[in-house]
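The structure appears right after this line, and notes come after that.
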Amino acid sequence: MDFWNDTDNLSLELQAMFEFWGDSRASLYVSIPMTIIYVSICFTGLAGNVITCVVIVRNRHMQTATNFYLFSLAISDLLFLLCGLPEELYKTWYRYPYVFGAVFCRVRGFAAEATTCASILTITAFTVERYVAICHPLKSHTMSKLSRVAKLIVGIWFLATICAVPQIIPIGLVHAKLSNGTLIEELSACSILPEWALYSRYSFQMSTFIFFVLPMGIISALYVLIAATLRQSAFNSSDGTSEASDKKDYVHNSRKTVIKMLGESPHDTMEIAVLRRRTY
């Protein structure tokens, strides 16, 4: 009698588990539009970033300090698209089970975290380089050397790779479990392992502060200093002399650079925020 009661209880528990997870197939009203969006993102993202990399590599006159930073960001976008988009596209049709395996689960998490860190560090380094070029032009000749920028970018990726390792420790393949300890293979997801939940919370908060809040504070402060310098330069160059005219041209070009940076930064910041959110 106890055997049949236990069996009935497990059956009810299993049914409740599936009801809690919901339908494995997503609604077509969601899947089809999201598939179109993801395919469009994949096509434009891959094409745009590959073209950017090819143009910079094949044209020596395009190999400037600024374009080196853009090359790094393009590589970051490509890695995320290749590692993250197949899973996202699959999940728009099938919510569970997770069919990519535990290894890909960790690789995808590592790629998302590493590219996130590399992106924000690259943007920060690029902003510092622009700040030095505009506010301290005499120092920019040494800071903008291509060899130095290349070494800096390599260092950024090395640091991003090292810092991504602690963030993927709690990530793994999670299965639903019955009260008797039986794993339900059909109910699986790539998520935070329960035993690492507390560690994940604190490590994520620390990583967010170090690789998002702090760099964005630095970037914002540098933009304020750049704007103040350009404003002062415009005021000082209003006397109409030849030297002032040269300064005015310099200020105008600098403003164009800053406007371009300001236009790109919100996109990169939003991308970083989305990447970090998807990692967890």
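Note: Cβ is positioned from N, Cα and C throughout, glycine not excepted.
The annotation transmembrane segment is assigned in TrEMBL to 36-56 (among others).
TrEMBL lists 48-280 with the feature domain 'G-protein coupled receptors family 1 profile'.
Among the features that TrEMBL reports, transmembrane segment is placed at 68-87 (among others).
Per TrEMBL, the feature transmembrane segment maps to 107-128 (among others).
As annotated by TrEMBL, transmembrane segment applies to 149-169 (among others). Within the same chain, residues 65, 68-69, 71-72, 106, 109-110, 113-118, 121-122, 125, 129, 196, 199, 203-204, 207, 210-211, 279 sit at least 6 positions outside the transmembrane segment (149-169) and bring their C-beta atoms closer than 8 Å to a C-beta of that stretch.
TrEMBL lists 209-230 (among others) with the feature transmembrane segment.
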Checking distant contacts: for the transmembrane segment (68-87), what same-chain residues at least six beyond its ends satisfy Cβ-Cβ under 8 A? 38, 41-42, 45-46, 49-50, 52-53, 56-57, 100, 104, 107-108, 111-112, 114-115, 118-119, 122-123, 125-126, 129, 146, 149-150, 153, 156-157, 190, 268, 271, 275, 278
